[in-house]
């Protein structure tokens, strides 16, 4: 058996990969190569992707709940407790999650590489869910500093999410489906954000009030952890719920050594790589813009556009529903452009990342001139600006796996650590600029700064970014192309020995 990394080109719709994915096994004899193609509607890789999608969704429940609750927590409501926190205090509480989050990135990436993503991700979700359930008790019986401590702890445990999921996807997402599977999984963040913001207004208006959002999100996180421990798997070799053909297909087309837990991370090569530098800047730009809006949008809608809590909740959710839908739309388009060789991987990543950061940049500049009388247009601009962030999911977010399938997890730990310094700074910058939350002129400065970050960071990604496997991924990297006939589609197969093996190319 000889393993090949396949680049499939088909005349069918790009949604083929979502509906009827190819499973390819290439066998070699002395005189010929025979290509066997299998199809299936749902494979083990799709089950794992679904589990990770809900994992992302519920992780963002635990992350976003405080952003939604901060408004009713600080406004007098009959029958409910509230806190007289000023803008600076609220900014500290909102940013404290990221203090722990940043600190966890490198330890999380190494733990995921050493022990596998399953146990680290599942265990961390259990811990963060328990801590979340105790938020109301701490809030009502202690000072705001205690809430900050709890948010730091939640951030630290949630810091494992992206490194673990990247580690798992590097083992489960074959190249022809990488864009769709990875984007589908990570779109859970937007779906979770939108869903929680949409229902938060009803939770706040219920008899349980704002504490309910912490009880519900914590309970759901615990339930998901149990399911994930039962059905999740680190690699195709670690589950019995997979066919032999699908396992061989995945292992051949991931470009990742299934035993890479034992491979040493080439830190010097990673940190001196210009494509990796470009990736870091793109990640920083996305994170600054995304979390500025995520943490501050409810306050902006309430104080500047003067929307009530329930309307605020629904309209805060709308941009993230749009982003989720666009994630599922752009990913098959990106895969199609690459698989049909219309665009190279490098050009595709830069194009979609530019859409994901420069369209929001334009929207934020326009948003800076909106007033309460133009609230409809302001909401449209917010929706477009946040929604088009989806392009970045087919840009920088899958680029770690492009550059190094073997070290995608540690690389995600590095970029997520550095970029989430922006998550700490962004709310603090807003708190320093916006002294009067009802003053649109101060919010204009916030939007202009965010637009400038988008411009600079994506420009650097366009200049330095690459979409090809880097030499330091493994010592054995070869490339050649063999074209094999097929009645259903023309199939080009780029042969690459399984990383870490000295197999010969024929």
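Glycine too: its Cβ is placed from the backbone N, Cα and C atoms.
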Under TrEMBL, which of the candidate ranges 411-433, 480-502 is annotated transmembrane segment?
411-433
Need the matching range: TrEMBL marks transmembrane segment on one of 14-35, 212-233, and I'd like to know which.
212-233
Residue list, the transmembrane segment (49-71) vs rest of chain: Cβ under 8 Å, 6 or more residues beyond ends.
90, 93-94, 97, 121, 125, 128-129, 132, 135, 151, 154, 158, 161, 165, 168-169, 172-173, 181, 184-189, 191-193, 195-197, 200, 204, 210, 213-214, 217-218, 220-221, 224, 227-228, 231-232, 294-295, 298-299, 302, 309, 312-313, 316
Contact check, the transmembrane segment (212-233) vs the transmembrane segment (377-399), 3+ Cβ pairs under 8 Å, seq sep 6+
no
Whether the transmembrane segment (351-371) meets the transmembrane segment (180-200): three or more C-beta pairs under 8 angstroms
no
Among 91-112, 144-168, 180-200, 270-291, 445-465, the most Cβ pairs under 8 Å with the transmembrane segment (119-138) come from 144-168
Using Cβ atoms only, state whether the transmembrane segment (377-399) and the transmembrane segment (180-200) have three or more pairs under 8 Å that are 6 or more apart in sequence.
yes
